[in-house]
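Undergrad: Structure below; questions to follow.
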Amino acid sequence: MSGFLASLDPRRVQWGAAWYAMHSRILRTKPVESMLEGTGATTAHGTKLAQVLTTVDLISLGVGSCVGTGMYVVSGLVAKEMAGPGVIVSFIIAAVASILSGVCYAEFGVRVPKTTGSAYTYSYVTVGEFVAFFIGWNLILEYLIGTAAGASALSSMFDSLTNHTISRWMVDSVGTLNGLGKGEQSYPDLLALVIAIVVTIIVALGVKNSVGFNNVLNVLNLAVWVFIMIAGFFFISGKHWAGGQFLPHGWSGVMQGAATCFYAFIGFDIIATTGEEAKNPNTSIPYAITASLVICLTAYVSVSMILTLMVPYYAIDTESPLMEMFVAHGFYAAKFVVAIGSVAGLTVSLLGSLFPMPRVIYAMAGDGLLFRFLAHVSSYTETPVVACIVSGFLAALLSLLVSLRDLIEMMSIGTLLAYTLVSVCVLLLRYQPESDIDGFVKFLSEEHTKKKEGILADCEKEVCSPMSEGEEFSGPATNTCGAKNLPSLGDNEMLIGKSDKSTYNVNHPNYGTVDMTTGIEADESENIYLIKLKKLIGPRYYTMRIQLGLPGKMDRPTAATGHTVTVCVLLLFILMFIFCSFIIFGSDYISEKSWWAILLVVLMVLLISALVFVILQQPENPKKLPYMAPCLPFVPAFAMLVNIYLMLKLSTITWIRFAVWCFVDQRKHIHHQLCIHHQE
């Protein structure tokens, strides 16, 4: 013991070496290739997860995790208190903002397909271990609170349907707890505990069982939606939209409603946690994310139309709007049909919160950032059963003891932070030079460059050397050393033979740099947006590119341009944070048209635009993927702006709780790294 204490003597600790070791660890990135299929990455977790999920299954998971609360709660709340019938426009605006983050998630789902962990893994391969641990810890918080909130909401729904018989029995038989719940006293919610345990068992029994249960509930939800559309059609009246009632609070109410409606689309990131369990994640993940957002938008808009055409916006019941809108017209039987849909919607939302939580824990434990036993995968169920049990137990305990009215917003802040970071990661990766194996932080080393030069030299020697005696010419010369899969060196290089599509797959180190159908460099095939832009501008297109300093087709990113983009993205994040803070907290000065406030806003907008333009001037990585976020850098930059704005709209107490959670998180990670260094 005395020897251990002596080793901690400040005079004997080599602080420089310790700091360097910890610094290198917290900034290290995870190689993308280590997670691709066939590289043996799954051996770190033992048994592999079952690869059984189809595109339809992923769409069902995405829709189920979003549509429950959005359709049955948010639509009525926003319509009555914020936007009136303009809630339809609010949902459309929120959907566009969600799709901006969705396309960034979709690109990473293709870039790092065979993995769980969602934004945690994406940040690990891009930014580094420190940020990855930070995001993973907050994702766990998000899913934990979401699961507990879903169980509590479902318990309240059953209590409401039984005319509060359950709550009265709980208070009389079990008693109350001081300081918890809606008032000063509340009962321990045993029903929520049971609900959380049952859903945990379903998730732990296997992905097929949980997805099958999810699909059944979604079919039931779909049937109720069809019923609402058909039955509601007989009670609609256009007078509720006439006479300026469509936008009773103007466009400000619509925008305020859009900020609230955005939370109804939160949940599609569940799809990104299923990469290791999807049959074909390269195509399934981007299609499922896009389709789930479109389906949710369709459901929200159609239900909002029926709701605001059946009942005046000021008479909408905010607690259960869809049930009460039929009661207002005397159709009492419809109330119970909608109640069945509400129960199904809340249950599937609960499943959508619990399903990804053990997978994030599993990914972090497999990387050594949490206890290793949490990465155990059952050979019978092929699920991370230990992580499922632990996460379900914690969520059940939280739903039993704690009222979640003030904690609900913490679920949103974790998600919005993850969305922001994924957008940042897309910006960083697309402008970094191609690496050997370690992501964008480790650029092409000198040895790797020499190795490629050696391969090219060997290829030239073999192509130019005379054929040995006895060999007969049997057709055009073929490149036997694989140079056809190397990036083009320019116009002087001739590619010999056609691309071998059978051996050119996602595991190849140059995956994406060569077009698999033509055998030529992928950058030679222009995307549809660029073609339309050329047709629109005409011959002046190339002149404008030169005048604006935009990169040419053959320009490639270097370490210097990659560093420029990294600095610009960091400054962009800081400037957007300041800009959104001033827009929210200095709105009074802006509305009063104070000259300094207007000048400051204009100056920050110009600075943000300048940073985006500087990023636009840097050459992109030529690597092409089956799906890529369009219109860089504008789409990720706007997604960052929207997510930061919505984060800052949350309450002060939410930020305080979030800061405490993050402090515990980072203290734990730094202690973990120091312990590793001391052991070494």
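Glycine is treated like the rest: Cβ placed from N, Cα and C.
OK, TrEMBL features for this one:
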TRANSMEM  58-79  transmembrane segment
TRANSMEM  85-108  transmembrane segment
TRANSMEM  120-140  transmembrane segment
TRANSMEM  219-238  transmembrane segment
TRANSMEM  250-272  transmembrane segment
TRANSMEM  284-311  transmembrane segment
TRANSMEM  331-353  transmembrane segment
TRANSMEM  360-378  transmembrane segment
TRANSMEM  384-404  transmembrane segment
TRANSMEM  416-433  transmembrane segment
TRANSMEM  564-585  transmembrane segment
TRANSMEM  597-615  transmembrane segment
DOMAIN    627-664  domain 'Cationic amino acid transporter C-terminal'
Undergrad: At a threshold of under 8 Å on Cβ distances, which of 284-311, 331-353, 384-404, 416-433, 597-615 pairs most often with the transmembrane segment (120-140)?
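TA: Ranking 284-311, 331-353, 384-404, 416-433, 597-615 by Cβ pairs under 8 Å to the transmembrane segment (120-140) puts 416-433 first.
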Undergrad: Against the transmembrane segment (284-311), which of these stretches has the most C-beta pairs under 8 Å: 85-108, 331-353, 597-615?
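TA: Against the transmembrane segment (284-311), the leading stretch is 85-108.
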Undergrad: Counting only residues 6 or more past its boundaries, what in the same chain has a CB within less than 8 Å of a CB in the transmembrane segment (597-615)?
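TA: Sequence-distant neighbours of the transmembrane segment (597-615): 427, 431, 564-565, 568-569, 571-572, 575-576, 578-579, 582-583, 586, 589-590, 633-634, 637.
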Undergrad: Same-chain Cβ contacts of the transmembrane segment (564-585) under 8 Å, 6 or more residues past its ends?
TA: 420, 424, 427-428, 431-432, 597, 600-601, 604-605, 607-608, 611-612, 614-615, 618, 637, 640-641, 644-645, 648-649
Undergrad: Mark yes when the transmembrane segment (85-108) and the transmembrane segment (250-272) have three or more Cβ pairs under 8 Å (sequence separation 6 or more) and no when they do not.
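TA: In contact, yes.
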Undergrad: Summarise the domain 'Cationic amino acid transporter C-terminal' (627-664) as counts of helix, strand and coil residues per DSSP.
TA: 28 helix, 0 strand, 10 coil
Undergrad: Do the transmembrane segment (58-79) and the transmembrane segment (384-404) come together with 3 or more C-beta pairs under 8 Å, pairs six or more apart in sequence?
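TA: Contact absent: fewer than 3 Cβ pairs fall under 8 Å.
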Undergrad: Checking distant contacts: for the transmembrane segment (416-433), what same-chain residues at least six beyond its ends satisfy Cβ-Cβ under 8 A?
TA: 100-101, 104-105, 107-108, 111, 118-119, 122-123, 126-127, 131, 135, 138-139, 142, 269, 439-440, 443-444, 556-559, 561-562, 565-566, 569, 573, 615, 618-621, 628-629, 632-633, 636-637, 639-640, 643-644, 646-647
Undergrad: Report yes or no: does the transmembrane segment (219-238) come within contact of the transmembrane segment (331-353), defined as 3 or more CB pairs under 8 Å with a sequence separation of 6 or more?
TA: yes
Undergrad: Could you pull the average pLDDT for the domain 'Cationic amino acid transporter C-terminal' (627-664)?
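TA: Value for the domain 'Cationic amino acid transporter C-terminal' (627-664), mean pLDDT as a whole number: 83.
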